[in-house]
Amino acid sequence: MIWQYARVWLPNALEVWKPAELTKDYSPGDRVLFLQLEDGTDVEYKIDPQTKRLPPLRNPDILVGENDLTALSYLHEPAVLHNLKVRFVESKMIYTYCGIVLVAINPYESLPIYDHDIIHAYSGQNMGDMDPHIFAVAEEAYKQMARDERNQSVIVSGESGAGKTVSAKYAMRYFATVSGSSCETNVEEKVLASNPIMEAIGNAKTTRNDNSSRFGKYIEIGFDKNYRIIGANMRTYLLEKSRVVFQVRCPHSFGVLCRVGSADDFLCTGQGGIPVIEGVDDTKEMRSTRKAFSLLGISETQQMGVFQILAALLHLGNVEVKEGTMDSSAILAENNHLMVFCELMGVAYEDMSHWLCHRKLKTTTETYVKPLPKAHAVNARDALAKHIYAKVFSWIVDRINESLRSAIKQRSFIGVLDIYGFETFDINSFEQFCINYANEKLQQQFNMHVFKLEQEEYMKEDIPWTLIDFYDNQPCINLIEAKMGVLDLLDEECKMPKGSDDTWAQKLYNTFLKKSEIFDKPRMSNKAFIIHHFADKVEYQCEGFLEKNKDTVNEEQINVLKLSKFDLLVELFRDEETAAPTGRTKTTRPGQAQRDNKKTVGTQFRNSLNLLMETLNGTTPHYVRCIKPNDHKSPFTLDPIRAVQQLRACGVLETIRISAAGFPSRWTYQEFFSRYRVLMKQKDILSDMKLTCKNVLEKWVKDHDKYQFGKNKIFFRAGQVAYLEKLRSDRLRKACVRIQKTIRCWLARKRFLRMRRAAVTIQKHARGYLARCRVAFLRRTRAAVVIQKNQRMLAARRRYQDLRCAAVIMQRLLRAYQARQTYCKLLYEHKVLIVQRWVRGWLARRRYQRSLRAVVYLQSCVRRMAARRELKKLKVEARSVEHFKKLNVGMENKIMQLQRKVDEQIKENRELGERLSSTERSWAAESERLGREVERLRGAEEESRVAAEKLPSLLEQLSFLRQELETTRGEKEAVQEEARAYREENEKRVSELNEKNSLLMTEKENLTQLIQEQSKKGFLKRIICVSVIFLHLVEERRRYQSLLSEYAQLEGRYADLKEEMTLTTGKPGHTREDSSYSSNGSEGTFSSGLSGSQGRNSSDVTDMSVLLKLQRRVTELEQEKQTLQRHLDKREEVQEDHARTAAELKTAGRAELDLVALKRQELESENKRLKTDLAELRQSLATVSKSASAKTPSSPGPGSAPYNVLLEQLDSANEELEIRKEEVLLLRSHLVRQEANSLAGNSPHCSSDTLALETLWFTAGYYTTPDYHTLNEDGELWLAYEGLKETNRVLVSQLQMQDRDHEEGLEELRVEVCRLREENSQQQQLISQSLLLPPEGRVDAGLQHEITRLTNCNLVGSLRYTVTNHLAMMPASNRGSHSLPMSNDWDLMEQQGKQDKMIRKLKKQLKTYMNRMEEYEGQVERVVPDPEPGTPGRITRKERDFKGMLEYRRGDESKLLKGLVLELKPRGVAVNLLPGLPAYILFMCLRHADYCNDDQRVSTLLNSTINSIKGLIKKKGSDFETVSFWLANTCRLLHCLKQYSGEEPFVKQNTPRQNKHCLTNFDLSEYRQLLNDLAVQVYQQLVKSMEETLLPMIVPGMLEHETIQGVLGSKPTGLRKRTSSLPGEAVYTVDSIIQQLSLFHATLTQHDVDHDLIKQVVRQLFYITCSVTLNNLLLRKEMCSWSKGLQIRYNVWQLEEWLDEHGLSGCGAKEMLEPLIQAAQLLQVKKKTEEDAQAICTMCSALTTPQIVKVLNLYTPVIEFEERVPTSFIKTIQVLLKDRVESPQLLMDAKKIFSVTFSFTPSSLALETIQIPSSLNLGFLTRV
């Protein structure tokens, strides 16, 4: 019974099937169904009363778009067609599974789904795990071949234009890629090269396809024991030669004819319409075809021969035959086309023209020549062309097989069958008959294989099965190939002398018309017959069957061709009868002497087809059915009618029918339980999941025939999954209704409670309002009573107040009168007292004024006398030295020094005087006594004379004093006025000085800000330059490490081949290599090894070619490695020079900044001092003004000493300000020059232009490093380019330096001119000021100016000295000295480098000798003295001082490395050892060899160590602990070589004891590079081993496992696992990934791997996790859902938590997960409106446009409530992202390995403290 709203499919003439929905319930017995179409049209569907067949039901929307058609619940034709349409048109997916068949629809558009990353993504995957793809089928075939050791075959079929050849081509490309290494070998290239050749020769243009394959081919690709391609073999079937004479495509196979004319000039190429195909470059195709010819060993001469024959065939088709008389024909003389044909073929023109129109007949007695009619002559001409073309085709196939044939034994093969599909045209002839016959055989084999697989599946699950009725086409095959079948009758008719198509048709009618049901005769024709094939019935026209089956050619024409002078043509027809049979099918055999033994085309095709079927039956087949979507070649457009025809013809619907007849839907118990758990109750869930599922099915599905329980799966019949989905949807809908009911109840109750609270609130407010109204009424009543009371009281009070007021007025008047009387009396008495007071005061003031005037007069006299004394004292002080010391503060130090010297001299003079006085005292007494007497006499005489002279002088002095007194009084007023003017002028100057000071402060702040900005800019520029160089270095490091990886792979491949050759030859022999082998000499070692192997195996030509190619490849790689090594060394030297120069510039810049800060402080101190001086001047002026006004009118004037001192101080302050201005200018210019020099000095080799270019590239965003080494093999172009680039650098740097020098010279001249101008103005100012000063002031002013000038000169000199030293420290290239050419600079630099190396070596030796001398001296000093006699001597043992070295004998290197490297187990002994102990032991042995100055032992030890580690890593490369252990030890050994090298950058953190342990005799920088390369190889092997361990966990843990139970639900896909999916596989979760990461981290930490290196490893692992997860997400449709996005985000969060727990958040691993995070967010965001599209474009910055579009196309709803992404939304996304510049890559490169860097990590462990455990068995080592 069908209920209302059920959805069904209705037949339709245009769309084949149309969807509809029931509007009424259907009950059994109803004859009409009432339906409604999707457009709203109501229709009635009448049910056939006999069959009572109802229309097929539609699948639920959740099942639409499935990867596998057999996963559909309802399996029928409309469901298949609709599913294919949804996937092809809406989701843009061209591949779909149908059981074991891959359905491929031709998209008529190039898709980015066949790249190498897609191949690697499908490699190793199960067929059902990924989205359908041709690569999945190829991987399944390759995996089954390797696992089951059974040959495989891939059968690709379909009609013309469906894409069969392309699918077969991609399958072969997949085998060629996955079977070998990453780069294709020569054999693989040859296998792929056969495709363009066969397309060029065997394809033609048809009405349905522009490049249709007109032959079938079966290519067997052979594999060796390692499952690598070793060769191939090709077999062809039924070449459709008739296409040669019509519908031949012009270019490609006949491209050479473009030289002689256009395609329309020839009859053969002009019949097919337009020969040019849009979008196809025929020239490029022709070039690729010729390249393929050359690769397969067909020489240029043979290629030109093939083209010559094809050109001749075109001209042969243009030969015009004229009709003659009497049933004859002829060719006109000198026919141009025939002449060209004969010339190209090398045959005689007369013979060919004769036999084209005649035929030789032989009888028993005679032979005669018969002319041919025109029709027969034309047929003979075409037959000859087809025969020659078939010969050329066969010859090319033979050459291809010869080139692909291998001498190595083939272990297995995979066959790829590219054969025509079922064809039916308006006119079907012999070719269509053979094609359909072949498809009948293939369909029979396909049906049997499908039935066999179904039977095996049922038997494996122990399910009872019955025979399924399927279409058996054996009767049709018997009709064609059985005895007296169609082919036998055709061969019999061909043997008849007068056999014809009509007689053959009559035989067919007589034989099969009434006996066979699948044979029929057309009603309106007697020359045709109909065969009912499995796909459709086909009407064949009998005309031409006999001629095509016989395939006869005129023997005389063949004989003419055999006499040709053209070697290739003669080779084609040589030994036809005795030719050995090859693996391919002979399509034609021309008539020979033994005519009876000739086989017809039908017989040959039947035999070859039987051979093909035997081959296919011996293999495991894999089917690919190609579908042509439409006849208009429109991309992604599906024509339902054409699609259904092909689905019926290719057997897809038959597969569906067989599957539907049994149990098509198959679920594991876990999948069923997870999906339909909603149908169970809690009590139904048991511990046994299988029993739980049984109980549920018995409860809900009453008919037990609808399902069966197997061992691991539950099998359902068609429609049961849809029924279960309906039950699940109903249960979920009921649950939703219950949830809605509960929520609505909760909402209603919540609303009710809210309304109740509102009602209570309203009531509360209403009652409050009424209460307030009652209170107001009561208040109004009480107020009225109060008002009445107060009103009455007021009236009584007014009456009382009136009476009281009258009484008070009367009292007031009486009292006022009495008061006025009293007042008049008191006033009179007061006036009398005032008169008395004034009189008494006037008398007292008269007495006081008289006394005051007397006192003032006395005070003025006294003060005048004191002023005169003070004036004289000031005059004396003005002329004293102490005063000048106070005024000239700047001279204080010098004066103090001079005073000290004077004091010292005075002290010495005093001492000498005391000595002289002591010696002269003895005789001085006598002379004094005599002199005393003489003086007494002379004194008397002098007193008389002085008294006479003293009188006139005293008179003159008295007159002078009187004049001076009057002059002083006159000048008093002038001095006061001048002092006032001076004060005003001084205040102006002070204000000007304040303004200048503020300007100087502002300028100082601006200069400080400018200095800071310039320092920031310089720092940013240096950062940009360093970052550019760092990116360049990282890119170079990545390329170098990739070359190291490739070199290691080739080295390993070479060793494997060498071992294999040794095993193959079986000759015992051992070749010992030099122990001093290193990678520097690897080229010679490889060459010697190869030459030796060549000498031993010279007989094996194939192996020698491989070895020669390997040798050539290794040589090229060695050259590239050395070139890259030199380039990297140069880069590193440049980087070191940059770092050194940056450090020097940083130091110099710091010194300059300190100098600037010091100068700034000096300026500030000077400014403070000037301010102090100004304050003192102001105070002194105020003091002078007060003293001038208070003391005496005779104050100092302008010419006095204090006045001049003040002027000099102001002038000196102004000069100091000018000097400070000049200093600021000099500092500014110096800072500008320093900044310019710092920018110019960043490159030590004049590379400013390079830095500028690199900075420009860096800021533009497209900085890349071109791979110059790929320009040519010798590197000459690269060297020339480097030379030109270096020359350009030199020229540009010289020009820049000249410009910079010119600008600096101009700047210096400008500064000098400014300085001279300022000096000139100062001199003029000094002269003008000195003219106004007195002589003494002029001397002081000149002295002050000279001191200031000298100070300025000293400051400028110090600045110049600093700049000079800075320039001297800078490289010569930055100082602008270009006197020497660049070559001399390089020579000098090389000489300097050699001298530096020699100096370092001599210093090390000197240090060694000094240490030995110190030890010897210490031993001499520590000699014990002889004991005293009689006392017994004691012997004390000295404590031995170890030097951190290990001594070993020569030749013990092998024992050392065997115990320390080869036999050391990280899991056992090494766990308990000191981390890095093997590295320390090796380095201590190396130190002893260096201490002994034994270079042979050093090189032997290092080379043996490197080779031993390489061999161990190669042998145990998959053991993570071993690889991680030796990565840590290799890095530690590398760090030890650096730490103890004695080089300055590496010894900074060493202790003094460690510095004594540095290497002394040898420079091991080259071996450091070798160890660095070894560490890179070990790191890459570590990443590979970790990737191998982690890779199986990523997809199950990150995508498949449901960590959040209950949120996710697996969609009912019903995907059956293919044969490669084995049961019992481990279940991985995200916890498994985290545990494995923790194990990796713990092991690396335990082995003491550098923390920075651990960060790089974790970053690489997270990139692999992200890339693998995202790639699988993009290739798995069922994973793109909302719930899966939630799961991914949860898993990513767990990984981020792991990073935080281990302190690895800053290693960049989280950034590696960003694409995966954005993909998960894309699955969860809203995808409807344009705003959503813009948000998606903004959010998905780490995803490319193809990835975003792919995720949106793959988005699949898991539940019915989700919706698919509309196509319009995806188009909106594409429009918004069209301007994004990004890579068009769809998948991430999962094989990418980031470049690794080993940062220097010194060890604090002292070497002398290291003890060697006895477990290492290194007893032969001795500590030194």
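For all residues, glycine too, the Cβ spot is worked out from N, Cα and C.
Bear in mind that TrEMBL entries carry predicted annotations, made automatically and left uncurated.
The coiled coil annotation in TrEMBL falls on one of the ranges 601-635, 881-915, 1371-1405, 1406-1440, namely 881-915. Considering other CB atoms within 10 Å as the measure, the emptiest surroundings among the binding-site residues Gly158, Ser160, Ala162, Gly163, Lys164 are those of Ser160. Sorting each residue of the domain 'Myosin N-terminal SH3-like' (3-55) by its DSSP state yields 0 helix, 25 strand, 28 coil. Shown for the region 'Actin-binding' (609-631): DSSP residue counts in helix, strand and coil, namely 9 helix, 8 strand, 6 coil. Mean pLDDT of the predicted structure over the coiled coil (1107-1227): 57.
Counting every protein chain shown, the Cβ of Gly161 (ATP binding site) has 21 other Cβ atoms within 10 Å.
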